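Contents: one structure, followed by commentary.
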Amino acid sequence: MPMQGAQRRLLGSLNSTPTATPNLGLAANHTGAPCLEVSIPDGLFLSLGLVSLVENVLVVAAIAKNRNLHSPMYCFICCLALSDLLVSGSNMLEMAVILLLEAGALATRASVVQQLQNTIDVLTCSSMLCSLCFLGAIAVDRYVSIFYALRYHSIVTLPRARRAIAAIWVASVLSSTLFIAYCDHAAVLLCLVVFFLAMLVLMAVLYVHMLARACQHAQGITRLHKRQLPAHQGFGLRGAATLTILLGIFFVCWGPFFLHLMLVVLCPQHLTCSCIFKNFKVFLTLIICNTIIDPLIYAFRSQELCRTLKEVLLCSW
């Protein structure tokens, strides 16, 4: 992971030392003040990762199987599932290696563990960046489909979507490699925080604008058919609730992780920040939960994809 809180977990396991970050937990040790630390059992963490892994593999398999789903929109959804798959898979791999090292079942040199740590860090960081990028790409795709409906198929073509997807993957891998190489620099962590905020603002602006357009369309229909106003108000409330849930899940699942990064830059030695740093595994767990929720929001609401998914499951038996 691209921050001090997880960089040395594998090496710490190899040396049989605590895997906490330097300076973490010092507030409680020096002052005796209570410090809230939520413990996530390793079994629960691995179980959530496995659920995410299976769920996203099914999404990728269903989209790959059905040629009717080979449209730009489903390409973005497939890549989101693939990046979420890598997020959960890389975290599960790291946790599994840590447990094997702590149990003494895996014996290796420190240099090999360091190389493995760097590889997992790059994989995790790049998959996280890809996941955020494809969430933004899906929002842009839906925005174009609503506001430029007549020209959508000429604007969002499959070749353009493929080029955008390739650019996202390449940029994510290159940038994550640089982030891991220079993870000790505050500017690197700030860049990640700014990137998250940019994605949050982009999604909020696009989805709010889409909701406003949908409400205007519903209002026009009610005027045309001379229906009562409460029907339109009910539509607006449902749309606002859906938007709140969508953005709320995104913020709750990703926000604490990037808050952690920001606090590493702003107050690495502060006692209160140290208490927050001790819950780093909780923040990773929230991201894993987001990779479980993403298919429910973006993939499984499609009847075509669900039918294909049933076929995939039947063929696998």
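Just so it is clear, glycine is given a Cβ too, placed from its N, Cα and C backbone atoms.
Features of the protein shown, as given by Swiss-Prot:
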type: CARBOHYD; residues: Asn29; note: N-linked glycosylation site
type: LIPID; residues: Cys315; note: S-palmitoyl cysteine
type: TOPO_DOM; residues: 1-37; note: topological domain 'Extracellular'
type: TOPO_DOM; residues: 64-72; note: topological domain 'Cytoplasmic'
type: TOPO_DOM; residues: 94-118; note: topological domain 'Extracellular'
type: TOPO_DOM; residues: 141-163; note: topological domain 'Cytoplasmic'
type: TOPO_DOM; residues: 184-191; note: topological domain 'Extracellular'
type: TOPO_DOM; residues: 212-240; note: topological domain 'Cytoplasmic'
type: TOPO_DOM; residues: 267-279; note: topological domain 'Extracellular'
type: TOPO_DOM; residues: 301-317; note: topological domain 'Cytoplasmic'
type: TRANSMEM; residues: 38-63; note: transmembrane segment
type: TRANSMEM; residues: 73-93; note: transmembrane segment
type: TRANSMEM; residues: 119-140; note: transmembrane segment
type: TRANSMEM; residues: 164-183; note: transmembrane segment
type: TRANSMEM; residues: 192-211; note: transmembrane segment
type: TRANSMEM; residues: 241-266; note: transmembrane segment
type: TRANSMEM; residues: 280-300; note: transmembrane segment
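With a cut-off of 8 Å on Cβ pairs spaced 6 or more residues apart, the transmembrane segment (192-211) and the transmembrane segment (119-140) reach 3 or more such pairs and are scored as touching. With a cut-off of 8 Å between Cβ atoms, the residues of this chain six or more beyond the transmembrane segment (73-93) that come close are 45-46, 48-50, 52-53, 56-57, 59-60, 63-64, 120, 123-124, 126-128, 130-131, 134-135, 137-138, 141-142, 145, 156, 158, 161-162, 165, 168-169, 284, 287-288, 290-291, 294-295, 298-299, 302, 305. Simply put, out of 38-63, 119-140, 164-183, 241-266, 38-63 has the most Cβ pairs sitting under 8 Å from the transmembrane segment (280-300). Taken together, the residues of the topological domain 'Extracellular' (94-118) have an average pLDDT of 80. Residue counts for the topological domain 'Extracellular' (184-191) under DSSP, split into helix (H, G, I), strand (E, B) and coil, are 6 helix, 0 strand, 2 coil. With helix defined as DSSP H, G or I and strand as E or B, the topological domain 'Cytoplasmic' (141-163) counts 20 helix, 0 strand, 3 coil.
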